[in-house]
Each structure stands twice: as C-alpha cells, then as structure tokens.
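If you check TrEMBL, you get these features:
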- B:20-184: domain 'Cytochrome c assembly protein' (DOMAIN)
- B:21-44: transmembrane segment (TRANSMEM)
- B:56-83: transmembrane segment (TRANSMEM)
- B:95-117: transmembrane segment (TRANSMEM)
- B:129-149: transmembrane segment (TRANSMEM)
- B:161-181: transmembrane segment (TRANSMEM)
- B:201-221: transmembrane segment (TRANSMEM)
Amino acid sequence: MREVDLAVLREPGGGLVVAWMATLRRDLMLRLRRRSEVMNPLVFFALVITLFPLGIAPKADLLATIAPGLLWVAALLATLLSMDSLFRADFDDGSLEQLMLCPQPLALMALAKVAGHWLLTGLPLALMAPLLGILLSLPTGSYGVLSLSLAVGSASLSLVGAIGAALTVGLVRGGVLLSLLVLPLYIPVLIFGTGAVQAAVAGSDVAPHLAILGAMLAAALMLAPWAIAASLRISING
Amino acid sequence: MWRIIHQFGSPKGFYDFSARLQPWFWAAAVLLLLTGSLWGLLYAPADYQQGDSFRIIYVHVPAALLAQSAFVGLAVAAVIFLVWKIKVADMAASVMAPFGAAMTFVALFSGAVWGVPTWGTWWVWDARLTSMLILLFLFFGIIALRGAFTHRDSGSRAASVLAIVGVINIPIIKYSVEWWNTLHQPATFSVTERPSMPAEMWMPLLLMVLGFYCFFIALTLMRTRNEILRRESNKRWVRELVRGQ
Amino acid sequence: MMAFDSVSSFLAMGGYAPYVWAAWGVTLALMVGAVLHARAERRWLLRDLHRRERRQANAAVGNNSNAS
C-alpha cells in the first residue's frame, strides 16, 4: 500500500503521465501482437485504390484529376473500418471498466487509446498514400502534401470516429450504425484534406488548407475526449 | 424559481401545462399557414425571372429553417436532459428528431423540384442543398442510435451526446461545404438568394415561417404528451387520469 | 390584387404546375400526416391504458372473490 502511494506521489500530477504512457504502450503492444489488425486497413486502402482504375478507365490524365479525392475517400473509409475495433476488445474483456475506475480522468485515458489507434492506422495510411498516388499517376510535387494532409486529417478522423465507436461499443451490431453516425461528421476533414492535395496539384498555396486541417485537429483534441468519455460511460453503465 | 422549473419539468406538470398551451399554438399555426398560403399562392406577384415557380419558396425556406432549428432544439433538449436529468426534455427530443428529418426531406424535395425549372436538373451540388442532405444523415444517425439500444435510458443518453456533437459540427460542416462549393462552382445562381424582395413577396414568407414554427411547437407538445403517457404508464397520476375519463 | 385572373390559370401556375403543386403537395401531406399520426398515437395509447386498467380491476375483483 505504502509503496503504491509513493509511486503515485513521485510524480506531481498524480501519476497522470505514467498512466497515460502505460495505456498507450499497452494499446500499441496489443495491436502489434495482432498484426492482421494493423495490416487490414492498409490492405483495404490499397485494394480500393486498385478498384478505381479497373472500374473507370486506366487513363492517366483522368485518374490524375480524381486521384486526390479517391485517395482521401479510400483512406477515410479505411480509418472508419478500423474504428469499430478501437474499444471492442477492451469492452469484451472488461478492461474498459478498469480504465474507468482508475483515478486518472477517463477523457485523457481515452485520448491515449485514440493516439495508439492513430499511430498504427492513420500514420501508416499517410505514409503509404504516396505509393498509391503513383498508381493513380498523381502529379509530382503533391506527394508530400498528400502525406501531411492525411497525417493531420486522420488524427481528427480518429478522434471523431472514437466518439462513434464509444457510443456503439455496447451494441451487438454497431459496425454499420457507426458509419452512419460518423461519416457525416467526417465531411469537413475530407473537404479540406482533398482541397490541400488539389491545391498542391494546381500549384497554388497549400498553407491555408493545412492550417484549417490543423485547426480542426486542435478543436477535436480539445472537445472529442470529453464526448468519448461520456459515451464510454453510457455504453458501460448502460 | 427552481420550484417552477421543477414543476414544469416534471412529467405531470408538463402534461397539464402543455394541455393549456397546445390549443393556442394550433390556432396560431392554422391561422398563419392559411393566410400565408393564400397570400403566397394567390396574391404575391410572379417573379420577373422565375415566374410562378418561385412560389415553391413558401414551403422550401420555412422547411429548411425549421429543420435546422429542430436540430438546435434537439441539442438544447439533450443538454437539459444530460445536465439536469429532466426526462421531459428527452421525451421532447425523441419526438423532435423524426419531424426534423421530415422537414429536412421537405426542404430537399422542394429544392430538387424547384431545381428543374431553374437549373434544368433535379439535383445540383449547391451548398445549401448539400448541407441539407448532410443534416438529413445526421437526423437519421440520431434516430437510429436511439432505436439501437434495448435499454431506453442508455439510448436516450447516447442520442443526446450525439445531438450535442452534431450541433457543434453543423456550423463547421456548413462553412466547409460553402467553401467547397465556391471553389468548384463559382457564381452559380442560388435560388433563395435574391437582391431585394418586395414586401408583397416576403410578407407571406414571414407568415409561413412563423406558421411552420407554431406548427412544430404544437406538434412537439402533442407528441411529447403521448410520450409521457407511454413512459409513465405505471405512475399513479396516469392511472388516475385514465380511470377518471 | 390577385396574381391570377381565373381558377384554371391559378392551377396552371404559369406553366410550372407540376413543380409548384408537387412541392406544396408533399409538404401538406407530410404535415397532415404528422398530425393524424400524433392523434392516432394518442388514441392507441389511451385505449391500451384503459384496457390495462380494466384488466387490473378485473383481476382485483377475481382475487377478492377467491379469498372470500
């Protein structure tokens, strides 16, 4: 008992940073143990992008004009696909309840879980997007912006999607409902994400788009954790 | 002060109070809608550009305004329910959502129908129509989430959280859609935006808007009373009410 | 002053009849439908409540007669 108290007291914030890092590390480790779960969104992303030239026409100029939108929509759907599993396993084995019981604020602990999700979903998608951009003959010079906009945008997507995941985690068939709840809220991120890539293709200034994406991320970082925490409480006590 | 709020917020208090309020709103709604319709359809002059097709404005604009207000009302009710645990607020929210979705549909339908003579096509990715379409999906999401829970109280609270998240997002969605629209379709002719409307055109519009709002309030009161009867059916006052009839 | 000089010209809406009447018709139908639905809902609820009340009253009478 004494040792535990001392360990908590060693840090002035009541062990907040320790708990936060522990949650993040645990989530990353659990995800990395099940590689397929990390790989699935990436494979999905690549597959969807492969379908478009087959479904439309393999004309380079046509594909290049629609490439920013296609890449963004496919990446968005890939994130959405992985969203359902964010709290599912923890809900099933009861560790989500333990997370709720711990003295640190649930909103910040949920933020650690979202951060873990983004590190292994949003970030890999952003890094992989340029490869798929080559397949769609995306004009050179827009690859960096594509990755950057996806990295910033997918963090907002993870945060907003986590609200939907937390609301539907207690439901048996939450997956379809989750997309109905979350997709309308994804639209602003999609608009400015594709806007940034299109601006880069057109050679105009990309800074405003990226700034707005960053502003949306800041707003989501500030507000979404509270909504996630409230939703988790409803789903667990429900 | 608190006593009054508490009394009004209790199901029985609301049931009794709304019974007295309801007829006035119905009367105002019928009066305003009848006058507005007759004035708008018969007496308002035809538009010099769009002819008589502009008379769709008298249902399109009130429906669109009401749909957005219904979502705000939903979020306000959600806050009242989550913060002060006033159940009547959630009952009102549960009846506002379907009607809000219906009004969103009316706005979309009348907009599409109006588009045929104006734009020559049923659908244009106009900023207003697009944000109305997204609003419709938001309404669907809230209705579906409430229905997905077997436990009514969890469904209520989940729908309330989603309504609040949605209402924070609506301005962001609206502005980003508008920005996207100006980027892709510069200077399209917007049906509802006109330089100056003569009084004999906007007066009936004002009456229609007020009429739609009165109708919405009256219908919400009526259906909230139904919802109270449904959820409070085991309470003693409801049983006495039924026995007394 | 009226904008139309005859009933038929009013119905024709200056050639835009299908559009104007479709928009107004759908609006009217939805609003009237909402009112009718709310009234029917109230009727159903009250009927169910009455029925339940009667059933419970009957059950109470039955129990009393058994006891005596």
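In case you wondered, yes, glycine gets a Cβ from its N, Cα and C as well.
Note that the structure is predicted; figures quoted are calculated from it, not measured.
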> Counting Cβ pairs under 8 Å to the transmembrane segment (B:129-149), which of B:21-44, B:56-83, B:95-117, B:161-181, B:201-221 comes out on top?
Replying inline: B:95-117
> Looking only at residues six or more beyond either end of the transmembrane segment (B:21-44), which have a C-beta under 8 A from one in the stretch?
Replying inline: 55, 58, 200-201, 203-205, 207-208, 210-212, 214-215, 217-218, 221-222, 225
> What is the average pLDDT across the domain 'Cytochrome c assembly protein' (B:20-184)?
Replying inline: 91
